[in-house]
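Chemist: Per Swiss-Prot, the features are:
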BINDING   GLN181, LEU182, SER183, ARG558  substrate binding site
LIPID     CYS30  S-palmitoyl cysteine
LIPID     CYS45  S-palmitoyl cysteine
MOD_RES   SER3  phosphoserine
MOD_RES   SER6  phosphoserine
MOD_RES   SER10  phosphoserine
MOD_RES   SER13  phosphoserine
MOD_RES   LYS396  N6-(pyridoxal phosphate)lysine
REGION    1-24  region 'Disordered'
Amino acid sequence: MASPGSGFWSFGSEDGSGDPENSGTARAWCQVAQKFTGGIGNKLCALLYGDAEKPAESGGSQPPRTTSRKATCACNQKPCNCPKAEVNYAFLHATDLLPACDGERPTLAFLQDVMDILLQYVVKSFDRSTKVIDFHYPNELLQEYNWELADQPQNLEEILMHCQTTLKYAIKTGHPRYFNQLSTGLDMVGLAADWLTSTANTNMFTYEIAPVFVLLEYVTLKKMREIIGWPGGSGDGIFSPGGAISNMYAMLIARFKMFPEVKEKGMAAVPRLIAFTSEHSHFSLKKGAAALGIGTDSVILIKCDERGKMIPSDLERRILEAKQKGFVPFLVSATAGTTVYGAFDPLLAVADICKKYKIWMHVDAAWGGGLLMSRKHKWKLSGVERANSVTWNPHKMMGVPLQCSALLVREEGLMQSCNQMHASYLFQQDKHYDLSYDTGDKALQCGRHVDVFKLWLMWRAKGTTGFEAHIDKCLELAEYLYNIIKNREGYEMVFDGKPQHTNVCFWYVPPSLRVLDNNEERMSRLSKVAPVIKARMMESGTTMVSYQPLGDKVNFFRMVISNPAATHQDIDFLIEEIERLGQDL
């Protein structure tokens with residue numbers, strides 16, 4: 001006999017599940033009962049299940065149960081079909097939602113309750129009295145809840161509980177006191193755009209399935225190229241899954257530009273290629289070289305000065321060394337806003353060297369690209385207009401929700417030639433519209449998420465001036481922090497001088513270490529301070545800031561600010577909290 005749910009009236013089974021006491025039978029009858037309107041279905045379900053028979057998640061402790069949606073409605077229709085009518089999620093499953101027959105009412109109610117959960121989380125994210133994180137160790141979370149996937153479906157009441165539980169233990173990255181990563185903040189327009197994008201649920205490979213999004217990508221990338229300084233916004237570009245992939249795109253295109261035959265014949269057809277980047281650059285350059293078969297040994301790290309900027313004379317020296325060995329320099333990746341120090345390489349000097357030796361110049365402005373929106377700070381990227389390609393991540397300094405990373409290329413058509421494969425089932429050549437808007441073939445991906453809409457909608461809502469105010473405020477907050485701690489007892493700066501970006505790097509020195517000479521023992525003990533304070537931050541949930549060693553410098557705090565919700569008071573709180581958590585070390 002068919003199992004419950006396999007047919008409209010099929011509820012029994014060979015194993016005795018036709019017994020009215022059996023929960024599987026009750027669920028099957030309940031699905032039929034939900035076809036009735038006016039609350040009758042829910043009442044029948046309640047009789048079938050009984051309070052003791054409601055499905056419950058097995059294993060582990062349970063979060064508080066969500067209350068069933070029991071709203072009143074004034075439509076005066078009998079029976080009532082509007083979303084405000086009573087819906088009891090304990091007796092509903094995903095199969096009762098659209099596209100199920102009569103699934104509109106439970107669908108609207110369910111999504112409204114999900115929205116309520118999300119909106120409560122949004123409000124809490126900006127509430128300074130709430131924790132940034134409710135930290136639990138991995139084994140605690142694994143033991144406390146049953147996260148395993150089951151063969152049988154759970155009801156919608158439990159699904160809502162999973163939503164609540166997930167957010168309960170999520171990091172509030174929009175919290176004004178979350179300073180841990182380069183991507184922070186929670187923009188309301190960007191959030192709304194992301195919801196819309198998920199609702200549209202389309203792919204970016206052709207105009208026919210994403211007409212508006214493809215046009216918005218064209219408009220937005222052109223505007224970004226104009227801001228970089230390429231005449232008329234000429235060139236090409238694409239949104240990618242992140243800065244690491246954007247940097248790999250640049251490496252891929254630079255290699256193709258110099259040796260187009262590599263596309264068909266592979267690395268065996270080309271000489272030993274060498275890329276150059278600073279010792280403070282992002283690790284993604286080496287990852288890209290590994291993925292493309294170039295090899296990490298073929299990425300030469302150029303020395304930096306004490307502020308983390310590439311030294312041009314060392315770049316030229318290493319280029320000449322590579323050429324003397326018979327290798328072929330094909331790419332220099334300069335960084336505009338390094339991950340740790342927030343340093344900006346001297347782009348004009350790097351551009352001169354690249355021009356002299358005919359090498360592709362890439363600028364990794366994933367972190368620093370946002371400063372191009374500020375008239376006060378864009379000078380730090382002087383020379384970016386001479387680059388052949390630029391990585392720019394609006395999901396970092398501009399506060400666009402993750403993910404939103406762009407790779408901009410100065411030469412139009414090069415990306416298409418490098419990556420296109422002419423898949424005839426997608427990119428037919430006899431379509432009835434302009435095929436230049438079928439942009440998917442220039443991407444490495446086939447399935448590509450719509451990342452542009454949140455940036456475009458935020459830009460429309462804020463204007464360029466709004467982004468400028470955002471950038472200027474964050475840099476002012478970084479300067480405020482620097483001015484407070486540079487001469488404050490118990491703090492030592494990692495490098496001298498005002499930071500160029502919002503990165504403020506410092507050591508907190510507890511009272512017990514302040515009396516020690518600056519020797520190996522002191523450095524060894526100091527290296528343990530930041531990790532302990534960070535652990536205490538997370539366990540208390542009050543704030544979060546990152547730390548790391550770099551070169552010969554032991555663990556230090558790296559404070560970054562990209563959330564415009566932060567204030568001077570939040571900076572003051574951070575300083576006081578570090579001192580409170582570290583004074584006994």
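One is the number of the first residue shown, and numbering goes on along the chain from there.
Cβ atoms here come from the backbone N, Cα and C positions, even for glycine.
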Chemist: Including all protein chains shown, what's the count of other C-beta atoms within 10 A of the C-beta of the residue listed as 'N6-(pyridoxal phosphate)lysine'?
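Modeler: 26, counting other Cβ atoms within 10 Å of the residue listed as 'N6-(pyridoxal phosphate)lysine'.
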Chemist: Applying a 10 Å Cβ distance cut-off over all chains shown, what neighbour count does SER183 (substrate binding site) have?
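Modeler: Excluding its own Cβ, SER183 (substrate binding site) sees 22 Cβ atoms within 10 Å.
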Chemist: By CA distance, which of the binding-site residues (GLN181, SER183, ARG558) lies nearest to LYS396 (N6-(pyridoxal phosphate)lysine)?
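Modeler: Looking at Cα distances from LYS396 (N6-(pyridoxal phosphate)lysine), the smallest one goes to SER183.
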Chemist: Starting from the substrate site formed by GLN181, LEU182, SER183, ARG558, give every other residue of that chain whose CB sits within 8 Å of the mean position of their CB atoms, in sequence order.
Modeler: ASN180, THR184, THR339, LYS396, SER546, VAL560, SER562
Chemist: Including all protein chains displayed, how many Cβ atoms other than that of GLN181 (substrate binding site) lie within 10 Å of its Cβ?
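Modeler: Around the Cβ of GLN181 (substrate binding site), 15 other Cβ atoms lie within 10 Å.
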Chemist: 10 Å Cβ neighbour count around LEU182 (substrate binding site)?
Modeler: 22
Chemist: Give the sequence-ordered list of residues that share a chain with ARG558 (substrate binding site), lie 6 or more positions from it, and have CB atoms under 8 Å from its CB.
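Modeler: Listed in sequence order: VAL340, ASN503, VAL504, CYS505, VAL545, SER546, TYR547, GLN548.
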Chemist: Compute all pairwise C-alpha distances among GLN181, LEU182, SER183, ARG558, the residues listed as binding substrate, and give the largest one in whole angstrom.
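Modeler: Across GLN181, LEU182, SER183, ARG558, the two farthest Cα atoms sit 14 Å apart.
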